[in-house]
């Protein structure tokens with residue numbers, strides 16, 4: 001007797017393998033009875049419907065034709081040879097019937113092309129794998145009588161009352177409770193918190209295990225699983241499928257969360273009565289962080305943790321994800337192509353809507369989860385390996401499922417016809433293609449400032465005002481003397497430096513010692529050169545104490561401190577000179593948009609004030625700006641209109657002043673852009689239609705070459721790749 005690779009029926013049906021048991025499995029979501037096949041040797045479970053159960057009920061090692069007649073004679077199920085062939089294939093592939101070596105080898109060869117190669121297997125399984133540690137069944141049987149009382153309704157009611165009482169007391173200590181939260185994270189407690197976390201998670205798994213014992217089930221293994229290399233405990237509760245009542249299965253699934261909730265209640269009660277110290281902090285940790293992580297991870301129905309099994313049992317629907325995914329894929333194909341293909345399973349409209357919603361939310365959740373995992377593994381390992389692992393995660397977990405579904409669509413191309421669904425789908429694809437591949441954008445927007453030619457004049461060193469030749473509002477000419485300052489300290493430095501220079505020069509002229517010691521003469525010459533340089537710098541500072549007008553303009557502002565006889569601090573703004581015959585137009589562009597700008601590029605300056613008209617402009621120069629070009633220190637906040645007294649015009653585009661360039665401030669007041677920016681110097685190519693305020697903020701719209709969204713995305717990917725591949 002053999003089963004060949006073409007799945008034809010054998011001459012005699014093979015008998016069921018020893019260790020295969022069939023039990024009643026309760027009702028399914030449509031209130032139809034189900035049965036469970038248990039493979040006791042491999043601890044696997046399979047659910048069957050009524051027709052499949054009827055076939056196994058009368059299973060005999062007899063010819064297939066005779067078996068079909070036998071079932072029809074003794075059962076209401078009218079099976080066919082196709083039904084028998086499907087059942088035999090299922091039993092054979094899952095090794096539930098007796099088979100010799102040649103059959104098993106043929107099955108292995110038949111399934112081998114579907115096996116994942118070792119590289120993809122490693123890429124998938126290093127994210128999650130299990131290591132069984134113990135077989136706890138005997139120990140659980142011995143301990144169960146002592147913990148049985150904690151699994152009943154009476155103990156649950158007691159914990160509920162205790163929880164209310166503890167929460168009321170905690171509200172009275174709420175300020176101290178929140179203070180403990182903020183003072184929690186101390187390095188010396190990390191080890192203790194780790195031990196407490198292991199204790200809580202161990203109790204979580206024991207909760208599952210003892211609840212299984214309550215319903216007479218075996219717990220074959222307990223061990224440790226690794227999720228993205230993060231260890232977590234697990235308990236094999238596969239035998240819970242033997243429980244027919246879904247409420248009891250829900251109890252098993254929730255037992256771990258309930259156990260940790262009990263621990264949190266006791267821990268919070270202990271926190272209320274314990275004195276300050278490590279033990280009190282550990283109790284707080286168990287009552288907050290440990291419980292919070294349990295709720296966030298285990299209650300989610302989108303991963304195959306406790307929450308998923310609870311939802312599956314609430315709906316009486318085994319393999320919830322598989323069935324909902326299959327239904328949703330069918331629905332998508334029907335909406336897109338109108339195939340009118342048979343539905344995978346019969347559900348009412350409410351169940352269909354619920355399953356499709358669940359699958360859709362699950363796919364969205366998985367997309368962000370796998371994206372987060374990809375980013376996590378990228379940052380966990382060194383950069384070269386991180387890039388490889390990131391690519392593997394993106395391809396295998398995100399792109400591969402999409403590719404596989406598109407392959408299915410392609411395989412159905414012969415049955416897809418032109419109809420309302422395909423026309424709508426085609427038009428939608430065309431619109432999406434136009435959005436991504438049509439050259440839509442032809443302008444870029446950059447933050448900018450427009451002002452008259454403005455210069456803030458100040459003293460380099462502390463000095464005293466000797467003469468003041470101008471008043472506010474006065475018109476001055478270029479190189480006109482505006483004020484004279486004097487610094488006795490600077491004069492003293494100049495005098496002492498001159499004396500030192502004269503002394504060094506005298507030594508150089510009159511010392512005969514250097515005739516035989518040239519190295520000493522070289523040192524003296526170096527000192528002379530340095531002193532001459534220092535004297536020149538001091539003299540330059542002295543000259544700058546005479547304030548001249550750098551260009552023709554109007555004195556728009558004079559500091560209140562600028563009076564004859566008054567002392568001026570170093571770098572203190574003295575006056576502001578404005579030339580309303582010449583304007584300054586500056587804009588800033590980051591590295592991502594730098595390639596879109598060029599000298600001679602035209603555009604418009606649009607003021608922030610919507611009542612002002614736009615101005616045609618042209619790019620004249622592009623300058624690379626170094627970090628730290630912004631400054632805001634010593635800003636006189638009571639005179640914001642004179643902000644340029646202490647801050648350059650570029651501060652107007654900084655985020656601190658409501659601008660669009662993100663900056664960070666250091667302790668000295670310097671604002672450093674988060675990214676490298678480039679300064680664009682522009683000029684207006686038309687008439688200025690209005691009088692400018694001190695500084696007019698706005699944006700520059702520059703005309704650029706048309707570019708598609710796809711090109712922009714691809715360029716960003718290349719920029720990111722170049723940036724991250726520098727290792």
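The backbone N, Cα and C atoms fix where each Cβ goes, and this holds for glycine too.
All annotation found in TrEMBL is predicted automatically rather than curated by experts.
Within its own chain, the coiled coil (521-548) is flanked in space by residues 457, 459-461, 463, 479-487, 490-491, 493-494, 497-498, 500-501, 504-505, 507-508, 514, 574-575, which lie at least six positions past its ends and keep a Cβ under 8 Å from the stretch. For 521-548, the entry in TrEMBL reads coiled coil.
Taken from TrEMBL, the feature transmembrane segment applies to 118-134 (among others).
The transmembrane segment feature in TrEMBL is assigned to 146-169 (among others).
Annotation source TrEMBL lists transmembrane segment at 181-199 (among others).
Under the heading transmembrane segment, TrEMBL lists 219-238 (among others).
The transmembrane segment feature in TrEMBL is assigned to 250-272 (among others).
For 278-297 (among others), the entry in TrEMBL reads transmembrane segment. Residues 177, 180-181, 184, 189, 192-193, 196-197, 200, 204, 256-257, 260-261, 263-265, 267-268, 270-271, 303, 305 of the same chain lie 6 or more positions beyond the ends of the transmembrane segment (278-297) yet place their CB under 8 Å from a CB of it.
According to TrEMBL, the transmembrane segment annotation covers 355-378 (among others).
TrEMBL lists 384-403 (among others) with the feature transmembrane segment.
According to TrEMBL, the transmembrane segment annotation covers 423-440 (among others).
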Stretch among 146-169, 219-238, 423-440 sharing the most Cβ pairs under 8 Å with the transmembrane segment (250-272): 146-169
Model confidence over the coiled coil (521-548), averaged pLDDT: 87
